Structures are given as C-alpha cells and as structure tokens.
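Quick look at what Swiss-Prot annotates:
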BINDING   Asn25, Leu27, Gly52, Glu73, Asp99, Asn118  S-adenosyl-L-methionine binding site
Amino acid sequence: MPELPPLRDVIAKHGLSASKALGQNFLFDAQLLDRIAGIPGGLENRAVLEIGPGPGGLTRALLKAGARVTAIEMDRRCLPALAELSEVYPGKLSVIHGDAMKLDHAELMGEPFAVVANLPYNVGTALFVRWLGGETWPPQWTSLTLMFQQEVAQRIVSTPGTSAYGRLAVLAQWRSAASMPMKVHRSAFTPPPKVMSAIVHVTPDEMPEGVSARTLERLTEAAFGQRRKMLRQSLKGVPGAVETLAEVAIEETRRAETVTVEEFVALARRLGASRPSSNSG
C-alpha cells in the first residue's frame, strides 16, 4: 500500500479551504472514509465515478479498495493535490476538471460504474434526480453511494404517511432499492456543517412494465408540488390524471403523502395506457 502524507498536510501544503460557494465540506477521518468506500462492496478493478473529490480523502479510500476512479472536480484549487494522488496510483485515477451537471456520465465512463461521492450540497439532489431518471433501465451505474444532509437522506428512504415522504422517495424507490446504511456526525467534517449527514445507498431493481419514467416524474412533481391539497386539485395539471384515479382505486380526496410508491406506479401505468403513445412498435 503506498505511503501517503496525512490529508491535513496535503491541504496545508496546497493552501486549501472548503468553499461555501461550491458546497464543500472536507472529511479527514480515514477509517470513516474506508467504511464509506466499503459500502458498495467488491470495488477491486471496478470503475467508480466520484463527484467533487476535493483534496481527495474519499478518493484515497476508493483507490485503496482497488477501484479505477474517474473524479470530476470543479474547484481548480484541488487539482494539484489530486494530481499527486494520480502519480501514487498510476493508471488508477483520472481527474476531470469540469461541472458534473454538464457532463454525460455514461458516455464519460464508457462501461458499467459505481458512483461513490461526498456530494457538494448545492448540486447533490439535482445529480441524484438525474441519475434516477430516464427511460433506459437498468442504468449504466450499478450503485449509488452518496453523502447527503441527513434530512435529504431521510426523504430518499422515507415511507408513505411520514412528513419526509415525497417526490424523492418515489423516484428513488419505484425501480431501485434505497437504504441509509450510515449516519455521519457533523464533527467529522471540516468545517463542520450546521446539520448531520448520512450515506444513502441505491441499487437498481427491475423496471416495472408499461410505465414511462417521464409520466411518473410529472405525476410526482404535480402531486407533491401541492402536497397539502387533495389529489383532485394537485393533479389537475396532468392531463387525464384525475379521471384515472378511480380506475386504480385511489380516492381523489387523498393527499400525495398517503399514496404509496406502488400506487403511483399503477397510476402512471394506467395513464400511459389510456393515452396514445408517440412511439411505434
């Protein structure tokens, strides 16, 4: 195993500090980082995409686990520290200076890959929703192991009837399995954020037949966009949705937070079947 200087020394050497504008918080605890890198399991010689590696704390743990890492970093200040890591692990780390929101990750990776990242807080949810979207399923990613604020993590794994349950839960659970294997105390970060964090782990399941991802996304967006309203009000903007509720035994007086993932899937399937498709064959 290569001998690496302590991460704090690397940060001091390169004059790095976490950027609030970029939503950065650095993790130094090597044991904690090793545990995070261990969640996907069996990373030896597997392709891993990391977003926002910063000075490379989690990157070290992933390389130590044997992964081939592609890291996308927007902060130019962090590039020299990551370049040093590339030299220690030749051929194992590819660093891309760019905005992860503007890159095609599947095209970039060119093979099945796991995503493991301490996501910058300001783009984390948007990236997550993007990975969960699209009509092509299963996706090219084999698992997502992501650090979020604990409140966001709880929204992803929540169940109907709870205050945390909403659009994120439905998008994460309708064709994937989502869990929260680890909570991370705020004191583990530099600088310590105001809130606790947690790791979410997501693996793709089979795609339910006859359901369009776009239809489901539109339904959840409308339903949870006005979550205090009854479905007959909140779904008015989705053509045919209110009329279709009765066909799948969902009372129109219910609110979105009581509707299960399975019920949303059934509604999307029925809605798709009742409207002419633009795709032939």
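The backbone N, Cα and C atoms fix where each Cβ goes, glycine too.
Because the structure is a prediction, the values reported are computed rather than measured.
The structure, with features from Swiss-Prot marked on it.
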residue	record	DSSP class
Asn25	S-adenosyl-L-methionine binding site	coil
Gly52	S-adenosyl-L-methionine binding site	coil
Glu73	S-adenosyl-L-methionine binding site	strand
Asp99	S-adenosyl-L-methionine binding site	coil
Asn118	S-adenosyl-L-methionine binding site	strand
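Comparing the binding-site residues Asn25, Asn118 by how many other C-beta atoms lie within 10 angstroms of each C-beta, the top residue is Asn118. In this entry, Asn25, Leu27, Gly52, Glu73, Asp99, Asn118 make up the residues listed for S-adenosyl-L-methionine, with the farthest two CA atoms of the set 21 Å from each other. Shown are the binding-site residues Glu73, Asp99; the one with the most C-beta atoms within 10 angstroms of its own C-beta is Glu73. All protein chains considered, the CB of Leu27 (S-adenosyl-L-methionine binding site) has 21 other CB atoms within 10 Å.
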